[in-house]
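What Swiss-Prot says about this one:
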- Gly16, Gly17, Ser18, Gly19, Ser20, Gly21, Lys22, Thr23: ATP binding site (BINDING)
Amino acid sequence: MSIQQNKRPVVIGVTGGSGSGKTTVSNKIYDQLHGQAIQIINQDTYYNDQSDMTMDERKAVNYDHPLAFDTDFLIKQLTDLRSNKAIEMPVYDYTQYTRSDKTVHVEPTDVIILEGILILDDERLRDLMDIKVYVDTDDDIRIIRRIQRDMVERGRSLDSIITQYLATVKPMYHQFVEPTKRYADIIVPEGGENQVAIDLLSTKIRDILVKRGHTELR
């Protein structure tokens, strides 16, 4: 579905701690709005370019701190998408702990879901969102999910995951991530298992789309 100039994209911010179920919530919203042009952008894509650092230096970075992200670049590109301009989105290489040389061409869509642990930390970024969602999940469940994900999808050892969790992930969650809950419009307990919250969010997004001229949804 093409997007007209007067139909500004709806931006949904989905945040919460690592392993909280952000991706599941985002994917379920995506599935419910399958009739619309919709895309998910992950904040991890905007980790800083660290190509000038050694591998040891890259591994020592605190990736759960706001300064680990190139937030200015994310704001610029999200602003472009909201203005119906295409972008060349960076690609992050988890195996090399830095940004890849590749980019992905991204066109503006009716709905943009921005997902990440610290997307509500910066006021400038919050101001670009129409709906801000915080996925609230118990710490024990989150660490179990993180272990499963990082071992299977990112090839990491159990020891390295636990070390990072205790050193940075857990303390940064309580220092930076959890406090952003106060900025959320909607708090979703139980993550992707909360179908009522998913349905309410999808209905609200459709309502915003109609108000912006998507009369085909009436």
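From the backbone N, Cα and C atoms, a Cβ is placed for every residue, glycine too.
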Q.
I want to check the contact list for Lys22 (ATP binding site): same chain, sequence separation of six or more, C-beta distance under 8 angstroms. What comes out?
A. Val14, Thr15, Gly16, Glu115, Gly116, Ile117, Val135, Gly191
Q | Shell list (ATP; ref centroid = CB of Gly16, Gly17, Ser18, Gly19, Ser20, Gly21, Lys22, Thr23; cutoff 8 A) | A | Ile117, Val135, Thr137, Arg142, Arg145, Gly191
(Q) I'd like the number of other C-beta atoms within 10 A of the C-beta of Gly19 (ATP binding site), please. (A) 27
Q: If we count other C-beta atoms within 10 Å, could you say which of the binding-site residues Ser18, Ser20, Thr23 has the fewest?
A: Thr23
Q. Including all protein chains displayed, how many Cβ atoms other than that of Gly16 (ATP binding site) lie within 10 Å of its Cβ?
A. 30
